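Chemist: The structure under discussion is supplied below as structure tokens; questions concerning it will follow.
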């Protein structure tokens, strides 16, 4: 659902029929013989079409956090699917620009609720030895959504004049799947115990583990929940010194995920490929290729995250992404001027470099940007902490989506050097500040990660997670 929307917006904004109906000024600029390659799509309303979704997701993630805590993960996922279903149908039927923006806002509320609940749901039901792989299924299906969106855009671009309606309307399919699925799935044991449904929590834990002997894990969950109940104001607790390590890591992982430049490339891949000289069909086909690379590279992360570890995947990707972004920037700086296009060989090389960039992101910062925040917060601040991480992601996704086409117009090829510089910062952050969480039980992070880390242990002096959580390490 989320991935389909990331992928669909860039293809739709490159369709002439869509531009003629809602953004005729952009269409006229696109037709000019001496257009400026870097500036032909620079329009704040066109960018608002893409970015309004993320602003709505930013605001709604805090309401989703409350709902996750009070009502559980399952109903939060149900609400996400309902909003998304309404938004996708309205966007397909839109006749005015305000309708298309309102539809994007409804989609954004769905994304805010879904992105809050689903990673928490996955982390809480997964066995510790497979938690990374299970959580990365979230990112895998984002990439599958992007791929489907690229394929739909490729086909719909040939249907005039309503192909864009088909592209936007088909978002209702994954929303319908989630709507039905949210009725069928079970609630997580941690959420049930947190809401005083211990017997149901125990039976659910036995069901999802497939064994009767779950006493040690259940005691661990109960102790974490007892500590969580002592916290009356989780957002206030989140501001305590001892909460800073997971909060800083969670927020920065999400911020850095956006400053790799990935969403700039995935939102606007068709536009980017048109900029370097591909025609509309070829640019959409190139987006399909990058979408395929995205899906298959995420499978590498599912295999490697619980074997290789989080830190090694992130550091390797920083090197590969830096090389790719720098090389793209250098090619465009030297060869792409205001109104020419790249020759076929260089344009093909840009596609290869984009694929190398997407590949490294897909097995690292893509999935791990969601996994690490979902597994590092103690239960008493888990939903509030993850809400801050999700809202940070949405805020910076909004900023990048709203600004990218204007940045490309003003910074030109230097925009790729801008993202490359951020990748260097990200690598240093991982090297010195990010602890390894591979094979650490989710409710033992404080004792086994934060209190052992050379930098973050200094923040843990005032941690008062109650005796239950302090004894978790002994149980394990």
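Even glycines carry a Cβ here, placed using N, Cα and C.
From TrEMBL, for reference:
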{"type": "DOMAIN", "residues": "1-438", "note": "domain 'Major facilitator superfamily (MFS) profile'"}
{"type": "TRANSMEM", "residues": "45-64", "note": "transmembrane segment"}
{"type": "TRANSMEM", "residues": "76-94", "note": "transmembrane segment"}
{"type": "TRANSMEM", "residues": "100-122", "note": "transmembrane segment"}
{"type": "TRANSMEM", "residues": "134-156", "note": "transmembrane segment"}
{"type": "TRANSMEM", "residues": "162-186", "note": "transmembrane segment"}
{"type": "TRANSMEM", "residues": "247-271", "note": "transmembrane segment"}
{"type": "TRANSMEM", "residues": "283-306", "note": "transmembrane segment"}
{"type": "TRANSMEM", "residues": "313-334", "note": "transmembrane segment"}
{"type": "TRANSMEM", "residues": "346-372", "note": "transmembrane segment"}
{"type": "TRANSMEM", "residues": "384-405", "note": "transmembrane segment"}
{"type": "TRANSMEM", "residues": "411-434", "note": "transmembrane segment"}
Chemist: Between the stretches 100-122, 313-334, 411-434, which wins on the count of C-beta pairs under 8 angstroms to the transmembrane segment (346-372)?
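Modeler: Counting Cβ pairs under 8 Å, the winner is 313-334.
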Chemist: Answer yes if the transmembrane segment (76-94) and the transmembrane segment (162-186) have at least three CB pairs under 8 Å among residue pairs 6 or more apart in sequence, and no otherwise.
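Modeler: Contact confirmed: at least 3 Cβ pairs fall under 8 Å.
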Chemist: Any residues 6+ beyond the ends of the transmembrane segment (100-122) with a Cβ under 8 Å from its own?
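Modeler: Result: 1-2, 5, 22, 48-50, 52-61, 63-65, 67-68, 73-74, 76-77, 79-88, 90-91, 94, 134-135, 137-138, 168, 171, 175, 178, 185, 188, 370-371, 373-374, 382-383, 386-387, 390, 393-394.
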Chemist: Quick test of the contact rule: Cβ under 8 Å, at least six residues beyond the ends. What residues does that give for the transmembrane segment (411-434)?
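Modeler: Tertiary neighbours of the transmembrane segment (411-434) are 38, 248-249, 252, 256, 259-261, 264, 310-311, 314-315, 318-319, 321-322, 325-326, 328-330, 332-333, 336, 365, 372, 404, 455-456.
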Chemist: Go through 45-64, 134-156, 162-186, 283-306, 313-334 and flag the stretch with the largest number of C-beta pairs under 8 Å relative to the transmembrane segment (384-405).
Modeler: 45-64
Chemist: Determine the mean pLDDT over the domain 'Major facilitator superfamily (MFS) profile' (1-438), rounding to the nearest whole number.
Modeler: 89
Chemist: Ranking 45-64, 162-186, 283-306, 313-334 by the number of C-beta pairs under 8 Å to the transmembrane segment (134-156), which range is first?
Modeler: 283-306
Chemist: If I count Cβ-Cβ pairs under 8 A between the transmembrane segment (283-306) and each of 45-64, 162-186, 313-334, which range comes out on top?
Modeler: 313-334
